[in-house]
Structure formats: C-alpha cells, structure tokens
Amino acid sequence: MDTKHFLPLDFSTQVNSSSLNSPTGRGSMAVPSLHPSLGPGIGSPLGSPGQLHSPISTLSSPINGMGPPFSVISSPMGPHSMSVPTTPTLGFGTGSPQLNSPMNPVSSTEDIKPPLGLNGVLKVPAHPSGNMASFTKHICAICGDRSSGKHYGVYSCEGCKGFFKRTVRKDLTYTCRDNKDCLIDKRQRNRCQYCRYQKCLAMGMKREAVQEERQRGKDRNENEVESTSSANEDMPVEKILEAELAVEPKTETYVEANMGLNPSSPNDPVTNICQAADKQLFTLVEWAKRIPHFSELPLDDQVILLRAGWNELLIASFSHRSIAVKDGILLATGLHVHRNSAHSAGVGAIFDRVLTELVSKMRDMQMDKTELGCLRAIVLFNPDSKGLSNPAEVEALREKVYASLEAYCKHKYPEQPGRFAKLLLRLPALRSIGLKCLEHLFFFKLIGDTPIDTFLMEMLEAPHQAT
C-alpha cells in the first residue's frame, strides 16, 4: 500500500519541496566488506527485533531491522601471522675466529666481530641444535641485545633495525677510524657506524627489504588518503554537520526548569515529551532533506525511511542534547525532564535506559555533532524498511555514511583507533529503546490519557493501517 497517502499534507509537501535539496556528490565508493567478530550478542539488537507481544507488534514500518552495521568495521587488530624460520643463522660459522671455542660455540655475544675484509660470509651448519635455534631467536645477531623479531631477514634488536633502516633510506656512508674490525656489542655498538653497518650486511640484512617496506608504506598511505578523500566527497561529513546545526534549537532558547515546576507546561512529563516530539517531526523532514542524496530518492522511499526511523532519530537527538544535563533530558522545546518526574509518571524504566545507555555513553566518549549526525544518517538510510522501491540504493548510501564516519574518526581522533566501532555500538541500544518507546506511545494512544498531536498521531496510525 502506498504509505505516503497516510501522511498529513504538510509532511508530503515538506518532503517534496526542492528548496532545501541537499548538495550531492558524484561517483561512488565501494566499501570493503570486512566481518570482524564483535562478540556474542552485539549484533542481535540490530538484527531482527523479534515479535513484540504488545499492540505495537502491528506497526511494521517503524520497527524494521536496521541490518548489522558491523560488516564494514575494519578491526585495527586484524589477523596477522608471522613466518618464523626454524633454522635461523648467525651469519658466522664454526670456522670463524670469533666462534672457535670448543667448549661453547657462542661463549659471549661480545666476542662476535665481523671478519677482516668481510669479503665472504661463512654459514653455520644447516641444522643447528634446537637450543641454538631457540637462543638465536632471542638475541640480536648484530650486537647481542634482546631481539624484537626478524627484521630485514635477520633477528635483531630495535636499535640495530632502526640503524640499518636509516642508513639505507638516507643512503649514508661511514668510515672506520681503526682497522675495520671494531667490536660491535650492546655497549659499544654506537662507537663505529661503519663496522656496525658492515656487520648488519654480513649477518644477512637486506637493503632491498628496507626499500620494499618503504614503497609498501607509501602505497598504503596514498590509498588511505585517496579512500578518505573519495568517501568524504561522496558523503561529506561537513554537510551532515550542517544539517544538524540547521535544525538544532539555539542553546539560549532552552529553559532550565523541571516539568512539574514549570507553570507554562502541563504537569505530565509524557504529555510534554509527546508535544515536543510532534514539533520535532516537522524539523526532522528539513533535516533529512539536508542529508546528501536523500532528496534524490523517490518520494515514496523518502516517506518510508522517515516513517521507519523517526523515533530513533528523535531519541538520538535529545539524548545528545542532554549530555550536559544531570539526571534528566533536555527537550527541543527547552524543557528539562528530570528522572524523578519520569518515574512518577510510570516511565522510569525506559527513561533510565536512555540515561545510562545513550546519554551517559555519549557523554563519556564526548561524541561530537558530526558523529551524531552520521549515526542518525545511518538510521535514516535503513535498507530493511518495508516497501522501498530500491533497497540496494539505500544500502549503498548507508555504506557511504559508514565510510565517511570511519574516515572522520581516523582523521579527527587518530589516538582512538576503536572510536568508530564504539560509535556504531550505540545503535543497538538506540534501536531497542526506540522500540520500547513505540510500545509506550501506542499504549498511551489506546488508553487516550495522553494528548497526542496530529503529526505524531499520523505517524502512529499510518503504519498500523498499512499492515
């Protein structure tokens, strides 16, 4: 059934208006589909919400599943493996004058020196003993310090690794003041750079490995810059932030007053919340039209998406607006609802969930307006909304928001590699709370105790009639 016929005239007119069409980007970006596990139970709130044993179970549109957003999370700790050879070599065999003790092949790492002239590199036996192989993995083949792993083909410490890398990258040339046979050990490795570098080569460090590493890093950085730039051009976070700022009431219009104490407002906090929601539904349409590419969708699809996500979109807004409020929420009308008022009105449980699962988490991570706008855009572009003419197009727009948000987090908060995932983890709570709020609203509508204005009533009634 065509859901737009259930919208009031104002709603359809606002959605159809072209005066506020958002600027659009061009081109598209394919977001890699990675699927790191975020632990059991994380994805379930965003999957199928299940059957609600309440009157709200008949509301199909607002409670469609969002689909898991985690498929695009690139875990910073993805699977890596390191191949460790079972027969490492020191680079000098038993024929070396430095390893000629019959009692102990390596009596002291300080005795290891490069051979005179360094014209040839002698090899250790092809199959050293197990103890010897284990030992060489834990010491630096150049200076005898603790090895941090295999670098450029040789087990070495961070100091010798860095020295060799700098020498190769800067193409440095050294000279020896003695006879080119200086002792290179942990204490004296910095005394002669020439002999240290020659020993790196003698032990098997490869210059080409440094150059390949540098090229790989350069290619990776160029790809990241290109990817970030492409994502932001397609779904610019600046436009999403502009949409948030355009519809958010100015701070000075807020009135710091409890619901029950404000003589100009009803004593019932539920009534005030419903009235505030009704007013915000008008601005919600204006906000959506400012989100890039939303106005390019078919009009029917725009209506479907707004109907499916209006409750979560409004909850996200007033939750973020309430970050500075203690034990309460701040409505767009400027009214402050304290948790005591909510408990006295019988909605304390859901109110406490808003405070602990949304407001508190947003406050702790200091979620900014751009991040809030991106999360709301993710909610808006819900490809699982019933009745969409082209769900794939909506899903592509959602993935563009994911990409832009991830790029924004990496750029703005480089010291917080897990911030993008932490933001997405607020969506399950938002979905669950949104469903519970719909149950409450539908119950209030049925019993008729709470005045529900026309726009909000239309949102509640239309999906019910369409099912």
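Each Cβ is built from the backbone N, Cα and C atoms, and glycine gets one as well.
Taken from Swiss-Prot, the feature Zn(2+) 2 binding site covers Cys176, Cys182, Cys192, Cys195. Cys176 (Zn(2+) 2 binding site) falls outside any helix or strand according to DSSP and counts as coil.
Residues annotated as domain 'NR LBD' in Swiss-Prot: 232-463. Mean per-residue pLDDT, taken over the domain 'NR LBD' (232-463), amounts to 83.
Positions annotated as phosphoserine by Swiss-Prot, on the basis of experimental evidence: Ser22 (among others).
Among the features that Swiss-Prot reports, phosphoserine is placed at Ser28 (among others).
Residues or ranges marked as phosphoserine in Swiss-Prot: Ser61 (among others).
The phosphoserine annotation in Swiss-Prot covers Ser75 (among others).
Annotated phosphothreonine per Swiss-Prot: Thr87, in sequence order, evidence recorded as experimental evidence.
Here Swiss-Prot flags Ser134 (among others) as phosphoserine.
For Lys150, the entry in Swiss-Prot reads N6-acetyllysine, with the evidence type similarity to another entry.
Under the heading phosphoserine, Swiss-Prot lists Ser264 (among others).
Annotation source Swiss-Prot lists phosphoserine at Ser265 (among others).
Summarising the annotation, Swiss-Prot assigns region 'Modulating domain' to 1-139 and lists similarity to another entry as the type of evidence.
The region 'Hinge' annotation in Swiss-Prot covers 206-229.
The region 'Required for nuclear export' annotation in Swiss-Prot covers 353-373. Counting residues 6+ beyond its ends, the region 'Required for nuclear export' (353-373) has Cβ neighbours under 8 Å at 237, 240-241, 243-245, 248, 315-317, 319-320, 322-323, 325, 327-329, 339, 405, 408-409, 412, 419, 422-423, 426, 429-430, 432-433, 436 in the same chain.
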(request) Give the distance between the Cα atoms of Lys150 (N6-acetyllysine) and Cys195 (Zn(2+) 2 binding site), rounded to the nearest whole Å. (result) 21
(request) Identify which of the binding-site residues Cys176, Cys182 has its Cβ surrounded by the largest number of other Cβ atoms within 10 Å, counting every protein chain shown. (result) Cys182
(request) Give the sequence-ordered set of same-chain residues, not counting Cys176, Cys182, Cys192, Cys195, with Cβ within 8 Å of the centre of the Cβ atoms defining the Zn(2+) 2 site. (result) Arg177, Asp178, Lys180, Asp181, Ile184, Arg191, Gln193, Tyr194, Arg196, Gln198
